[in-house]
Structure formats: C-alpha cells, structure tokens
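**Student:** Here it is, the structure in full.
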Amino acid sequence: MQMSYAIRCAFYQLLLAALMLVAMLQLLYLSLLSGLHGQEEQEQYFEFFPPSPRSVDQVKSQLRTALASGGVLDASGDYRVYRGLLKTTMDPNDVILATHASVDNLLHLSGLLERWEGPLSVSVFAATKEEAQLATVLAYALSSHCPEMRARVAMHLVCPSRYEAAVPDPREPGEFALLRSCQEVFDKLARVAQPGINYALGTNTSYPNNLLRNLAREEANYALVIDVDMVPSEGLWRGLREMLDQSNHWDGTALVVPAFEIRRSRRMPMNKNELVQLYQVGEVRPFYYGLCTPCHAPTNYSRWVNLPEESLLRPAYVVPWRDPWEPFYVAGGKVPTFDERFRQYGFNRISQACELHVAGFNFEVLNEGFLVHKGFKEALKFHPQKEAENQRNKILYRQFKQELKARYPNSPHRC
C-alpha cells in the first residue's frame, strides 16, 4: 500500500514537472516570437530612418570636411562661406531648385520637399554664432533622419566673417539627438524657430540674399531660383525635365514661372485649375500685388489664367522685358550671376533681370507651372528700415545700369 502511494506521488511529481516544462517552453516561444516581431518592426523603421553607425559617421565626416577649413571669405570679406555642408549627387543636366533661408525659415524646406521631386540646393544664413551652431546641428539632424534630405538636398552655410562654425555636437542645442524621425526634426525646428519680420535680423549684419542665391545655384546648369517660403505647383519638376529631355537648347531663354500669393487661411493649390478658381474670387493674386504691381505685371496674369488647359508644360507666349519686371524663371547656359553688392531689401532681383535683358535673353512664360507664396505681402509686415534700404539700393541700381553699358557695349538693350 505504501509502495503504491509512493509510486503515485512520483508519477504526479513527474507530470507536474512535465507541465511546468511545457509552460516554460511556451513562454520562451512567445518571447522569441514577440522579439522577432519587434525586430521586424525595427527593420521597417530603420528602413526609413537608418541609424547605423556608418550612416551617422558619413554625416559627421561630411560636416567635418565642410567645416574643417574654416570656410572661405566672399569677395567683400564680410561673410564666411561653407560649401557642401550637405552634399548629394546631382546630375548637372537636371533642373535644380535653388533657394536661400535664414535658420528660422529652414522649416519651409518640408513643403519644398513635398512639391519639388528633383534636386534642391539651399544656402542658409546664420546671423550670429549661436545660429551658426544651430545650423550645423540642423544639418546633422535632417540628414540623419530625412531620407529625402540625404538623397536630394545640398546645403551651404554663410555667416558673418567674424564667426566660425564648428563641428556639431548633436546633443546641443535643443536636444535634437533625442529625435527619431524627419517629421520630429521639422516639428522641433518649428518650435525653436523665431520667425520675424522680413530682413529684421536683430544684428548689425545685412542679409546677403544675392550671395546666397549664387551659392545655391553655382553648380547647376539649369536652375529655378526662388525664395524658401514659396511653393511650386505639383509636377513642375517633371514637366521641366520632360521639356529639357525634348530640347536642351535653353541658352538665351528665361522660362518664366508665374508667381502668386495666397490668403494665409487658404490651402495651397496643387494645380492650375485649383489656382485659377481661387484667383477668380480674390483669394489668390499676383505676387507683390500690394507692394509693387509693376514688378510682376508684364507676366500678363489675365492672359495666363485664360490659356486653354494642357497636359504638357511648354512656353505659352513671349514677353518683352521692361523695367521693373523681376520674374522667377528657369534658364540654362551662361546666366549672369546676381550682383552680391545688393543686400537686404530692394533691387536685388531686378538688377539680375535687367542684366538678362541687356545680355539678350528672351522671356517666355510657361503655360501650366506656377509658384505660390503663403500669405499676402503687405508693407506693414516688413522691418522699419525697409525704405532706407530700398533708397540705398536704388542708388546702387542706377550705378549698376551704367556699369552694364560698359559690360555690354554692343547690346541694343537698356534698362
């Protein structure tokens, strides 16, 4: 009897041990399965935001190379230029969107990346030593977390010559090292940025817009130079590439992209049909309509909005240049550079458009593509020194036009 009881106890102990072993194996299996699922999720995440030491090291190496020399001084000696803070492989025969921005306005890059499918080149101006530090950190964070930035964007930095930019510590400023996605970087930038009134830098340094424009477009055979707070129509890059593939004889021609501004409460139009509907009810108007109507009037907006709808981008009509037209355009070949003596507000773009005219360029308005600025441009939104700067640059513009006569002595055109 006692033997039978002992056998039964041993049997139950063995059964209990077996059940416990099975339970442990099941827990181990579930743990491994969960770990595998988590690994798959991580792999999917890292496919979009590669965190490998190699990719981070490449970014560091690129920034270190660009910053190591201490930059080069511009022709005036007032600014320090760092080329290739970020680099990307660009086909010299592609159409590059070239733009410029203060550090605060870099947040507009997000919208440009969505609308412009081709390569971008942006020149960033840092007015202070702190902004120069922030610019290098932003370059590090954006290139680390934004695949589109790594693939399509070249970035250059300009700061006053008395400052030098340093290799960034990604932990400073603003804890950008804690971010894990491209959207988080742009969201963080929107929170730390302090957008102000146009050209109001709060320092004794002038915003070198033409230096920045030249820097952004200097490696491009074909470039559309715009302000960073403008947005191109959907498919504009594809349309321009198709035009370029069909005919690369753009030398001597400026393909004008009509520019508009939209009421800030309105959604940005994607295509011409949406834009025209808003234009007809006054929610969209010609660019600079409230500040300088003649500056864009030769585009002939009434003619443009009434063109028949077409699927292909093409030049629609030729417009003779007249002062003070300053269109946004795409051109190839030897395009005159922007005169870097013009800084801050006034005559910085018209001076280059004037030289295009004297050099013999033709101006042809595209039928479908366009640019839109978010918000109506109003005089009260500019800094108090605007008029003084405008008068100073007006005097320089008169001198510039006299210089063009000597530069193009055989040209029949004058501004």
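Using the three backbone atoms N, Cα and C, a Cβ is placed for every residue, glycine included.
The following feature annotations were taken from Swiss-Prot:
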type: BINDING; residues: Asp227, Asp229; note: Mn(2+) binding site
type: CARBOHYD; residues: Asn204; note: N-linked glycosylation site
type: CARBOHYD; residues: Asn300; note: N-linked glycosylation site
type: TOPO_DOM; residues: 1-8; note: topological domain 'Cytoplasmic'
type: TOPO_DOM; residues: 37-415; note: topological domain 'Lumenal'
type: TRANSMEM; residues: 9-36; note: transmembrane segment
**Student:** Sorted by position, what residues of the same chain at least six away from Asn300 (N-linked glycosylation site) have a C-beta under 8 A from it?
**Tutor:** Tyr317, Val319, Val365
**Student:** Calculate the per-residue pLDDT averaged over the topological domain 'Lumenal' (37-415) and state the result as an integer.
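**Tutor:** Summarising the topological domain 'Lumenal' (37-415) by its mean pLDDT gives 88.
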**Student:** Roughly how many angstrom lie between the C-alpha atoms of Asp227 (Mn(2+) binding site) and Asn204 (N-linked glycosylation site)?
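**Tutor:** Rounded to the nearest whole number, the Cα-Cα distance is 23 Å.
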**Student:** Taking the Cβ of Asp229 (Mn(2+) binding site) as the reference point, list residues of the same chain whose Cβ is under 8 angstroms away and which are at least six residues distant in sequence.
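**Tutor:** In sequence order, Asn105, His108, His373, Lys374 meet the Cβ cut-off.
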**Student:** State the count of C-beta atoms found within 10 angstroms of the C-beta of Asn204 (N-linked glycosylation site), not counting that atom itself.
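**Tutor:** 7, counting other Cβ atoms within 10 Å of Asn204 (N-linked glycosylation site).
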